[in-house]
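When I checked TrEMBL for this same protein, it listed these features:
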REGION    1-27  region 'Disordered'
COMPBIAS  8-19  compositional bias 'Gly residues'
TRANSMEM  38-59  transmembrane segment
DOMAIN    41-536  domain 'Major facilitator superfamily (MFS) profile'
TRANSMEM  149-169  transmembrane segment
TRANSMEM  176-195  transmembrane segment
TRANSMEM  201-225  transmembrane segment
TRANSMEM  237-256  transmembrane segment
TRANSMEM  268-288  transmembrane segment
TRANSMEM  324-345  transmembrane segment
TRANSMEM  373-394  transmembrane segment
TRANSMEM  406-427  transmembrane segment
TRANSMEM  433-457  transmembrane segment
TRANSMEM  514-535  transmembrane segment
REGION    539-571  region 'Disordered'
Amino acid sequence: MSTECGEPGPGGPLGGSGPGQCPPPTASTPWSLPRWRACVAAAVLCYINLLNYMNWFIVAGEEGMHRGSTCSLHGPSCCHQPRPAAHSIPWMAASVLQTIFSPLGEFQPSPAEGGGVLQPAPGGPPAAGAGVLLDVQNFFHISDSNAGLLQTVFICCLLLSAPVFGYLGDRHSRKATLSFGILLWSGAGLSGSFISPQHSWLFFLSRGVVGMGSASYSTIAPTVLGDLFVRDQRTRVLAIFYIFIPVGSGLGYVLGSAVLQLTGDWRWTFRVMPCLEVTGLILLLTLVPDPPRGAADKQEEAAMGAGRSSWCEDVRYLGTNWSFVWSTLGVTAMAFVTGALSFWVPKFLFEARVVHGLQLPCITDPCSNQDSLIFGSLTVVTGIIGVVLGAEASRRFKRVNPRAEPLVCACSLLAAAPCLYLALLLARTTFTVSYVFLALGELLLSCNWAVVAEILLSVVLPRCRGTAEALQITAGHILGDAGSPYLTGLVSSALRARRPDSYLQRFLSLQHSFLCCAFVIALGGGCFLLTALHLERDQTQARRPSPGTPDSTKEESQALLSHPRAVPEAP
């Protein structure tokens, strides 16, 4: 005979638990996921991140390889200027991978340079360095200055839409928001391949919409990973996730050049990518769960409070979360330096070779890309090693020090500052040692990317982690790598205006303008030291249930029972 649960009795809301009665159910069942399913979901998210960054650089090309203008004898700096990028690791990875793997050109010596440059084979397709950008320019009749706006439109739309997707990701299904973002960028990319030459503005618009879709993934995907794995595992998974940034960026160049060679039409590049993205979308819908916010920290939505906060309240909370504020300033300092490095270091190294007599000045296009390739190789290798090294150092150090994450970031930045300073100073006297210190500086800078994401996930309430990711991305780009190349060039031009016009003075002007980067990165290390002062308190607050929830009510009841209020005696 089955026993039915009785009506609420004196033993509590669900009655007693005596014989013949049902035991009282718990307030909420903890959300759990088998480890293998979490790993499969992480693999799918990493694959889509690969496609995400392939979209960032699938149009871009090495502009210095096909500029088509002629430089004067007194203007070596007008050639060999690398294209600006949103991040040094993605752009340099793209530069290297598209040069190594693309079979579209032959390495032939240039008489004007006395060295090797990528040139198209006679009667063959365009050189690998040209990528898809040159064909896009020819098809839509876009000048170099307007072509640069393609990436500007992409980045601006990404920055403007990141807070919107952060807001949606904190209040609605993250899986649905990610799916919408993938559909948005794949549909916009596909539509861009059917635009006629008379409507070039529609192609710019399509690139902006692709940036909007990319913002959804960059903002929300790390928060999903944060809820699939506990803290030690989360650090490793985030490291793997961020490794796909340089790999995906480089493959964007490779895919664009390879499809162009096979089909002879750049538009097929934008028709192949949606096939890969639809595959990722199907994998996302079938294999990736939508975990409750805070699930890995055992703070499911049922235990985090029924009331939803507004976006302004979330921003106000993040403004008082000092660990988030200081770590965001540290990230901004990192972005400032990496943005300046990605834009100016290849040109700086080129002019250093001219001063040393190792390189002839650039007289005619195409200019030598030797320094771009060397610096790009260093960036890719140090980027991958640095991400893994930083994540593992943080994970192991955390066993003995709960403030391990910001301390690892601070130490790496404070150590990177003198390495960068010495690399700049020694470039005039010893070229090889300068490269060694430059590689060390890049390695130390790369140690922080996964660790910074772990800091954010650990100090911010699960209900507004998407907004926090969006604000950190926006601040890092707007205050960091968006303006640092311009400011560095502005200082260099101001210094050069007061000096004689010579190759040595051009080199020294750029060298002196670069020195501020060493001090900026040291300030970033100081920001992470300040983060360490507030870390434990903010982590405790992020793990504490909100007032009025079942867990917080239970804690308050236990506190009242442990410390009963004194009852006045009757007179």
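The backbone N, Cα and C atoms fix where each Cβ goes, glycine too.
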Apart from its near flanks, which chain residues at least 6 from the ends of the transmembrane segment (201-225) lie with a Cβ under 8 angstroms of it?
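Residues packing against the transmembrane segment (201-225) from afar: 41-42, 45, 48-49, 52, 55-56, 59, 136, 140, 149-150, 153-162, 164-166, 169, 174-175, 177-178, 180-186, 188-189, 191-192, 195, 234, 237-238, 241, 288, 290-291, 293, 453, 457, 462, 465-466, 469-470, 473.
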State the non-local partners of the transmembrane segment (38-59) in its own chain: residues 6+ outside its ends, Cβ under 8 Å from one of its Cβ atoms.
86, 90-91, 94, 131-133, 136, 150-151, 154, 178, 182, 185, 189, 207, 210, 214, 217-218, 221, 224-225, 228-229, 237, 240-241, 244-245, 247-253, 255-256, 269-270, 273, 276-277, 280, 283-284, 287-289
Who are the chain neighbours of the transmembrane segment (433-457) in space, where the CB to CB distance is under 8 Å and they lie at least 6 residues beyond its ends?
88-89, 222-223, 226, 231, 234-235, 238-239, 241-242, 245, 323-324, 327, 330-331, 334, 337-338, 341, 345, 352, 374-375, 378-379, 382-387, 389-391, 393-394, 405-406, 408-409, 412-413, 415-416, 419-420, 422-424, 426-427, 465, 468-469, 472, 521, 531, 535
Hey, which of 268-288, 324-345, 514-535 has the most Cβ-Cβ pairs under 8 Å against the transmembrane segment (237-256)?
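Result: 268-288.
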Relative to the transmembrane segment (406-427), which of 176-195, 268-288, 324-345, 514-535 accounts for the most Cβ pairs at distances under 8 Å?
514-535
With the transmembrane segment (149-169) as the reference, find which of 176-195, 268-288, 514-535 contributes the most Cβ pairs under 8 Å.
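Most contacts with the transmembrane segment (149-169): 176-195.
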Which stretch from 176-195, 268-288, 514-535 shares the most C-beta pairs under 8 Å with the transmembrane segment (324-345)?
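If we count Cβ pairs closer than 8 Å to the transmembrane segment (324-345), 514-535 scores highest.
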